[in-house]
Amino acid sequence: MSAKTVQGRNGKKPASPAVNLIAGGGAGMMEALVCHPLDTIKVRMQLSRRARAPGVKPRGFVATGVEIVKKETAMGLYKGLGAVLGGIIPKMAIRFTSYESYKQMLADKETGAVTSKATFLAGLAAGVTEAVAVVNPMEVVKIRLQAQHHSLADPLDTPKYRSAPHALFTVIKEEGFSTLYRGVSLTALRQGTNQAANFTAYTELKAFLQRVQPEYSNTQLPSYQTTFIGLISGAVGPFSNAPIDTIKTRLQKTRAEPGQSAVSRIMVIAKDMFKQEGARAFYKGITPRVMRVAPGQAVTFTVYEFLKGKLENSGWAFVGGNYEE
């Protein structure tokens, strides 16, 4: 069960799509429940206008979190969770299934070996695939919900978007279906670079641990080791594409002006950010984003490997072999 081959243990085929669906969906759901509050803080920091006021220090991630809880209760940290949970199962199913498919296409036809370049390209393609299929529409709805500053403790403080389904319906009704794909190019670029870095780092670290621990060369690593390398691999992506994520968030939060193209909107947003807030604005929310993504990947890989192993050992008809990271 080497990390750098598509061949499963004892010559079996890789895990079936059903295994990826169940294990990936379960892992993604756990990731969302554990890490969503940090994502809400990240979005609020990226949308904050405090940095535009002269002499006003931008609020940090801890202060932002405290402010949300104080004004909106702790449940305010989970705004948009419904949209995330609604898309997490297909997102993870598409991520792992498409990554495995692309990896098989790029593997050596005779030996099944997968190079680091092939791993990077497979991760890149998987990230773009999930962005177009699931992530962008989900994030448009999520960001609209997270951007609302109403208090969940006050029943008279009625928000525009009451839930994820209501937000989805309202956005489509008022702004059109195409709004769900606003910023899709940036989302695809972000997800592609994220998964390219994520899968490459995870695979290389897993291969290294298997080399120095021969007893795990053809089996799963201990869960604590999977968690550790998942944490490291998850921290790589955010630093490489933070400006993309910040611009994307602002693009998806606001309405489009009539006749304005996506490219021109991106340029206007980037120009205004730099002019009014400086270069640091492009890295707004980087701390909570790393704190959100890195633990999220640690949870995802750990839970995924655990569930996948259980499913494969259960003897279900779903099993097609061992999925390789």
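Using N, Cα and C of the backbone, Cβ positions are placed for all residues, glycine too.
Now, the feature entries from Swiss-Prot:
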type     : residues : note
REPEAT   : 15-105   : repeat 'Solcar 1'
TRANSMEM : 21-41    : transmembrane segment
TRANSMEM : 82-102   : transmembrane segment
REPEAT   : 117-208  : repeat 'Solcar 2'
TRANSMEM : 121-141  : transmembrane segment
TRANSMEM : 187-207  : transmembrane segment
TRANSMEM : 221-241  : transmembrane segment
REPEAT   : 221-310  : repeat 'Solcar 3'
TRANSMEM : 282-303  : transmembrane segment
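A Cβ distance under 8 Å defines the sequence-distant neighbours of the transmembrane segment (21-41), meaning residues of its chain 6+ beyond its ends; these are 15, 61, 64-65, 68, 76-81, 84-85, 88-89, 91-93, 95-97, 146, 285, 288-289, 291-292, 295-297, 299-304, 307-308, 311, 318, 323. Mean per-residue pLDDT, taken over the repeat 'Solcar 2' (117-208), amounts to 87.
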